[in-house]
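> Provided herewith is a single structure, encoded as structure tokens, for subsequent inquiry.
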């Protein structure tokens, strides 16, 4: 008595257009393409149900809880202009559905199951609104932009980096030599590539030792603080932390993690260690395009960027707009603001579906990396501004005179662009002239 078994439409329970969202709700914007014959309201309700309390049939144990309190709600659906049978579904989730301080649990709940749902031809998570009531349960970046500048004693310009190439095959000693030449030439950072971990040709401990020697030698000769992103990513969390501990014992200022392949749990653990022990944390987004490149299915990078800010990282790769990797200018600047700023207004032209208030969570420096070189410097300086890292791999090591002259060229070009900008010159129009004048 009182329990009516059977399958019923999701929209009868989970489509609630009259719902007024709460300040504590986590809000999601999904781009959904229903299968032919599936109404948009049913598809949106299915997304809300399968990413919260629902299953395919009514169950007796529904009567032992309060679905009204815990269910996700599809509260709005809008058609996508210019697309046939495609919609943005807005879903509100009560805060109690999620474990505090766990990006892992957040993603397991919202995107863990629903993407294989057969009522949908395709589904993409476009944006999340993280309320302060939830974001305050995370430590966020280990240090943040201002603390990093204070640690490095570098202000008023973007920071310069370089990924050591070839990414695989160098011995530890030759790797250290390349690091020294780049840092001595004027770069602030050099970087392990994302797949440099601990391979037979270069074990991690040997690399760390030779890189530390290069760091201290270049610091002594230039009088500047230098860093190398020592990749601590490993097969286990225990091994990852062991490598981070060794980096700290050597006196290195920064370590690195591949946060998508390494996982959010490992990343958050490493971020806690870095905060407690004064290490900066550089984040590489290896594997992101598997998740974010398709327009209609997957997760947009702005969501992965928000997740990283909560999980913890001081730098993250964010595309270039001008280099070899894909990225639209306005959309890229949208998630760059989501990484750096405290308060970001809703702006659909930049792909920002919700106003995001990070309250006091530190910001993350966006890293522009991938196919960029010295002639891109004016555009990069204008697009990314001072709070960024501009990273030239082939654009440094590919210089015809060698690594150190490549580093010098990048540093001279950057300082010329910053000075020209500060003097009020138009970098977009005069960029090439500024670079040529600086090279004389």
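Cβ from N, Cα, C; glycine included.
From Swiss-Prot, here are the annotated features:
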type	residues	note
MOD_RES	4	N6,N6,N6-trimethyllysine
BINDING	113, 163, 167, 285, 317, 369	substrate binding site
ACT_SITE	165	active site, proton acceptor
BINDING	191, 193, 194	Mg(2+) binding site
MOD_RES	191	N6-carboxylysine
ACT_SITE	284	active site, proton acceptor
SITE	324	site 'Transition state stabilizer'
> What subset of the recorded positions 4, 193, 194, 284 lies within 10 angstroms of residue 167 (substrate binding site), using C-alpha positions?
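Near residue 167 (substrate binding site) by Cα: 193, 194.
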> Compare the Cα of residue 193 (Mg(2+) binding site) against each of the binding-site residues 113, 163, 369 and report the nearest.
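Given the candidates 113, 163, 369, the nearest one is 163.
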> Who sits close to residue 163 (substrate binding site): which same-chain residues at least 6 apart have their Cβ under 8 Å from its Cβ?
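Spatial neighbours, sequence-distant, of residue 163 (substrate binding site): 190, 191, 192, 193, 369, 391, 393.
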> Counting Cβ atoms within 10 Å across all protein chains shown, which of the recorded positions 165, 317 comes out on top?
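The most densely surrounded of these recorded positions is 317.
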> Show me the subset of 165, 194, 284 whose Cα is within 10 Å of residue 317 (substrate binding site); these are the recorded positions I mean.
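So far as Cα distances go, the recorded positions lying within 10 Å of residue 317 (substrate binding site) are 284.
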> Suppose we draw a 10 Å sphere around the Cβ of residue 113 (substrate binding site). How many other Cβ atoms does it contain, all chains included?
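There are 11 such Cβ atoms around residue 113 (substrate binding site).
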> Taking Cα-Cα distance, which of the recorded positions 4, 113, 165, 194 are within 10 Å of residue 284 (active site, proton acceptor)?
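Candidates kept after distance check: 194.
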> Starting from residue 194 (Mg(2+) binding site), work out which of the recorded positions listed here (4, 113, 165, 285) have their Cα within 10 Å, and give them in sequence order.
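Qualifying among 4, 113, 165, 285: 285.
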> Nearest to residue 165 (active site, proton acceptor) in three-dimensional space, by Cα, is which of the recorded positions 4, 113, 285?
285
